[in-house]
Amino acid sequence: MDPTLTELLHSNLQWIFVGGKGGVGKTTTSCALATLFATTPISDAAAPDGTRPRRVLLISTDPAHNLSDAFNQRFGPQPTPVKGLEDTLAAMEVDPKNFTHGALMSSLTGANSGGSASSLSREAEADAVEQTASFARIGAVLKEAARTMPGIDEISVFAEILHYVRTLSYDLLIFDTAPTGHTLRLLALPQTLNSTFDRLMSLEGLAPMLEAASHLIGSSLGAVGGDSVSGCEVATAMPSSSSTAPGAGSAATGSSQGSWSITADEVRAKALHWRQVMEEVQDRFNDPSRTSFVCVCIAEFLSVYETERLVQELMKYNIGCDSIVVNQLVLKPSSEPPCRMCAARQKIQTKYLEQIDLLYDDFHVVKMPLLSDEVRGIPALKMFARFLQEPYNPDTHGYIDVQESC
């Protein structure tokens, strides 16, 4: 097959995940790919010339973010335009702390439960304050546990995916993923959460228990002044669901009578809404016309075999993957004199390249050269991206000097 990502570039994909073993160049590849897409117009029959600029959002899901380093620009948890490509490319780095510092956690610590207690007797006021302090202490423990909870990185990333699942703000989302293990847990989340919700909602007594608990918490927190605890709906952590959940509006705003509560019907409605959104995410994951995974590796034993395990897992989750980028290849012009170290590296790499060609003969395998310098900044990323759509030939292109090319 064509040893480039040209077919990917001219597709109408909406989500592209870039992943692989740590240290193989995932971030460089995803940033270069985002730059390439952002500078390539998208077909639009309504536009005068039949095309329009493609709006791309690059999201880092790796807890150790590197997008800021690759672009020489600071990014945060909100989409930020990339300098030089402000109209077509934005980037963001998902921060799990934003997920655990939401309104739900704040409310549990009593941050929103202030108000006047002048109408209460001294005894009632003291009891209410003591109860609220107890909930605050419990909330603080829950908050700290949430920050360090295993899987919180994947859950926070999934919350961002839910947020953008129905947005039309961007034509394409590119995910610079964490190393393989984190990424597989992320991709498995829709199935895992769906089955979990099914089991929970099959428990007939669950919703009434939550309803009773919400009334208890609401009466305790609302006793101090009767103010409602805003933003305490169950789906606070999922950005997209807070405004769209059918029948769930009263969970957050229906506390106007001075207590925080949620009914059994609202619990069921919220759970059904979550399930619907997650099924939509799952459908998009499994649609090769909308989602694709680009594997990145180097021609060494550990990387090649981890890539094979990754491809097998992607097949298990029914996620499309037909592109592999092999980075850091020692490719020398044939006219160059032999180098003992280079020859040794080439021998190792040739061995694993043969295995890659054998295993993935129906994949687009892009072979990228080892460069003389780091790839940082838009000019260097554009130079790198050139060889994602044009096979590198050392006799034709010679050595690629990043600094001179920029």
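Cβ coordinates are placed from backbone N, Cα and C, and glycine is handled just like the others.
Applying an 8 A CB threshold to same-chain residues 6 or more apart, the list for Gly23 (ATP binding site) is empty. Summarising the annotation, Swiss-Prot assigns ATP binding site to Lys21, Gly22, Gly23, Val24, Gly25, Lys26, Thr27, Thr28, Glu300, Asn327 and lists sequence analysis as the type of evidence.
Per Swiss-Prot, active site is recorded for Asp62. Counting every protein chain shown, the number of other Cβ atoms lying within 10 Å of the Cβ of Asp62 (active site) is 23.
Here Swiss-Prot flags Cys339, Cys342 as Zn(2+) binding site. Taking Cβ-Cβ distances under 8 Å and a sequence separation of 6 or more, the neighbours of Cys339 (Zn(2+) binding site) in its chain are Lys332.
Residues Lys21, Gly22, Gly23, Val24, Gly25, Lys26, Thr27, Thr28, Glu300, Asn327, recorded as binding ATP, reach a greatest CA to CA spacing of 19 Å. In the three-state DSSP assignment, the secondary structure recorded for Lys21 (ATP binding site) is coil. All chains included, 21 other C-beta atoms sit within 10 angstroms of the C-beta of Gly25 (ATP binding site). The Cβ of Thr27 (ATP binding site) has 22 other Cβ atoms within 10 Å, all protein chains considered. Distance from the CA of Asp62 (active site) to the CA of Glu300 (ATP binding site) is 23 Å. According to DSSP, Cys339 (Zn(2+) binding site) sits in a coil region rather than a helix or strand. When the alpha carbons of Lys21 (ATP binding site) and Asp62 (active site) are compared, the span between them is 12 angstrom.
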